[in-house]
Amino acid sequence: MRPFLIAPSILSADFARLGEDVDAVLNAGADVVHFDVMDNHYVPNLTIGPMVCKALRDYGVTADIDVHLMVKPVDSLIPDFAKAGASIITFHPEATEHLDRSLQLIKESGCKAGLVLNPGTPLHCLDHVMDKLDVILLMSVNPGFGGQSFIPSTLSKLRQVRKLIDDSGYDIRLQVDGGVKVDNIAEIAAAGADMFVAGSAIFNQPDYKVVIDQMRAELASVEA
Ligand SMILES: O=C(CO)[C@@H](O)[C@H](O)COP(=O)(O)O
Ligand SMILES: [Fe+2]
């Protein structure tokens, strides 16, 4: 399996000093910035858009920015986020009329593309698009809010998707998002995830490096 990636969700960052907080978490050892976009329509919460992504780039953030779109419809925002500096764009299949077209739009915009499956979303929507995916994101909470508890049935879903990816032969990351903490990250990795979104577990602690180091130590026990 490829190296594990830790992607702090900036939903739990300090928005009043976002650039500094993102720098701090990257300097503490995070790999990727997870950027949650909510529209108060597809999910019952409202967050940030392409201007904030561009602002982070202008501030000097060079790490990959992983844009998790929780918006409906998705297509019109894809070029806007690509221009704003997104590296990866993921969206939920329920939020678009044309799954394949939305994936193609992301690829054409020069970004990596991913699908996000909610806890209750079946796996069959992956069937005919595996060749267009760089990331499959399994939500381990229902989308809309940080700070929720990990839904345990995600573990068996992760095992199923890990097998699908391995059997497909495609180079696809398996990301998990929601309720990821130091005390469950090893179990989640053992089930097949290789990219871990964590918001409250990191940003609600005074020292980000301590948490990220603890997460890496847990992950090392799985790699061994
Ligand atoms: O997409 C979402 C929520 O919809 C996530 O990215 C959360 O922001 C993760 O937060 P924690 O569960 O880690 O606090
Ligand atoms: Fe997210």
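The count begins at 1 with the first shown residue.
Even glycines carry a Cβ here, placed using N, Cα and C.
Keep in mind it's a predicted model, so treat the numbers as computed, not measured.
Record features, source TrEMBL:
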ACT_SITE  Asp36  active site, proton acceptor
ACT_SITE  Asp177  active site, proton donor
BINDING   Ser9, His68, Gly144, Phe145, Gly146, Gly147, Asp177, Gly178, Gly179, Gly199, Ser200  substrate binding site
BINDING   His34, Asp36, His68, Asp177  divalent metal cation binding site
- Message: Given the recorded positions Ser9, Asp177, Gly179, find the one whose Cα is closest in space to the Cα of the residue listed as 'active site, proton acceptor'.
- Response: Ser9
- Considering only the recorded positions Asp36, Gly144, Gly146, Asp177, Ser200, which possess a Cβ situated under 6 angstroms from at least one atom of ligand 2? Asp36, Asp177
- Message: Could you state, as a whole number of Å, the largest distance between Cα atoms of any two of Ser9, His68, Gly144, Phe145, Gly146, Gly147, Asp177, Gly178, Gly179, Gly199, Ser200, the listed substrate binders?
- Response: 16
- Item | Integer Cα-Cα distance in angstrom, Gly146 (substrate binding site) to Asp177 (active site, proton donor) | 10
- Which residues, sitting 6 or more apart from Ser9 (substrate binding site) on the same chain, put a CB under 8 Å from its CB? His34, Asp36, His68, Gly146, Asp177, Val197, Ala198, Gly199, Phe203
- Message: Quick check: in three-state DSSP terms, what is Ser200 (substrate binding site)?
- Response: helix
- Restricting to the same chain and to sequence separations of six or more, state which residues have a Cβ under 8 Å from that of Ser200 (substrate binding site). Ser12, Gly146, Gly147
- Task: Could you tell me which three-state DSSP class His68 (divalent metal cation binding site) falls into?
- Result: strand
- Query: So which other residues, same chain and not among Ser9, His68, Gly144, Phe145, Gly146, Gly147, Asp177, Gly178, Gly179, Gly199, Ser200, have a Cβ within 8 Å of the centroid of the Cβ atoms at the substrate site?
  - Reply: Leu11, Ser12, Asp36, Val141, Gln148, Val197
